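Chemist: Below is one structure. I have some questions about it.
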């Protein structure tokens, strides 16, 4: 994931005096090329083009059923992507007819990408010049094991470019879990029952798989940023690689199991899958109603109660879509302004993976014993074992990340080993000592990443 700015190591920053706490003055932020925006736009255009191509092929072959579902998944995710970009950029309150028209014809990500490129070129030409409009941003940072508070100036142009990046991160998650996941699952199902994989369908499945993996990786990064909003977080290549491997194994094994289960039971599998999704969808609302809390009214200052309700419903649908295929890396909390529980939530993570593992084992057993007509030329037992092993490996890689590679693992009250000791050895969890300086709060916690 590319960064908007970078903070150098401790010797390059200058401490300044403060009556309340020591603040280190950071250098002027350095902007980088927005690769993530280009990549997200490429995935959107590639998946859209391949989906429309398959719709044309299905229509030509009079396969109306397959054509309808392929087009429906494409349209739903595309509309949600346009609404996400409009919401983040607040276009409804601005006079921007060209942007709204491009969103209307489902080309909003393309025009937004061009705007971001123009903004980057403008910054590149003005590099070294001071901007007249700047704001101060403060973040905590761990340097050599010590927690320090860093302050730096952020120009208006860099903040605008950062807003584009944030919008595309959220767009990629919407596209991944509300469009690519159902599209990939359905195309796998069609390939399985038709016993053929034409080039167009293979390209569509490839774009969908890359989109899902990228969206899940971003989901982890955004979860870390939201939970530790006061901290400047760095994720190195090894951490990103670990997250990508974890998510790829988790999602592919889960989706293949769902496809084999659906191909085995046909329509009989629909009630199980729908019930599974509805439980995830209504679980945050049940907790919200049981808590007796009021609906948050400060999500967006210009929103009415109806607008707030629409946002909450949309977020809940996205949350359910993520948890249906993989772990969301955060727990939804509708009564909170940030809509997420910022605790570590080891229990929530353990419950999710335990339930999903049991579900996967049950679906694999159904495929093994009843899927005689699905894959006649393959050993069902070998396929079942490989899928379960792949899912277990993904859990192992996830535990490895939280134990050794999490950027702020030193702030954990308990880590993975503590919980394994508690569960396996039946011993009380040893409480790790928190950093004594974590109570130091920044005056300004506005985040631009």
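Just so you know, glycine gets a Cβ as well, placed from its N, Cα and C.
Sharing the features that Swiss-Prot gives for it:
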{"type": "TRANSMEM", "residues": "35-55", "note": "transmembrane segment"}
{"type": "TRANSMEM", "residues": "68-88", "note": "transmembrane segment"}
{"type": "TRANSMEM", "residues": "98-118", "note": "transmembrane segment"}
{"type": "TRANSMEM", "residues": "174-194", "note": "transmembrane segment"}
{"type": "TRANSMEM", "residues": "204-224", "note": "transmembrane segment"}
{"type": "TRANSMEM", "residues": "241-261", "note": "transmembrane segment"}
{"type": "TRANSMEM", "residues": "269-289", "note": "transmembrane segment"}
{"type": "TRANSMEM", "residues": "306-326", "note": "transmembrane segment"}
{"type": "TRANSMEM", "residues": "357-377", "note": "transmembrane segment"}
{"type": "TRANSMEM", "residues": "382-402", "note": "transmembrane segment"}
Chemist: Which residues of the same chain, at least 6 past either end of the transmembrane segment (306-326), have a Cβ under 8 Å from a Cβ in it?
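Modeler: Same-chain contacts beyond the flanks: 80, 83, 173-174, 177-178, 181, 212, 216, 219, 247, 250-251, 254-255, 276-277, 280-281, 284-285, 295-297, 299-300, 332, 334, 339, 352.
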Chemist: Return the stretch with the most CB pairs under 8 A relative to the transmembrane segment (68-88), choosing among 174-194, 204-224, 269-289, 382-402.
Modeler: 174-194
Chemist: Which residues of the chain, 6 or more past the ends of the transmembrane segment (35-55), have a CB below 8 A from one of its CBs?
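Modeler: Residues packing against the transmembrane segment (35-55) from afar: 1-2, 67, 70-71, 73-74, 78, 81, 106, 109-110, 112-113, 116-117, 164-165, 168-169, 171-172, 175, 179-180, 183, 187, 200-201, 203-204, 207-208, 210-211, 214.
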Chemist: Any residues 6+ beyond the ends of the transmembrane segment (174-194) with a Cβ under 8 Å from its own?
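Modeler: Residues 40, 43-44, 47, 51, 54, 66, 69-70, 73-74, 76-78, 80-81, 84, 201, 204-205, 207-209, 211-212, 214-216, 251, 255-256, 258-260, 262-263, 317-318, 321-322, 324-325, 374-375.
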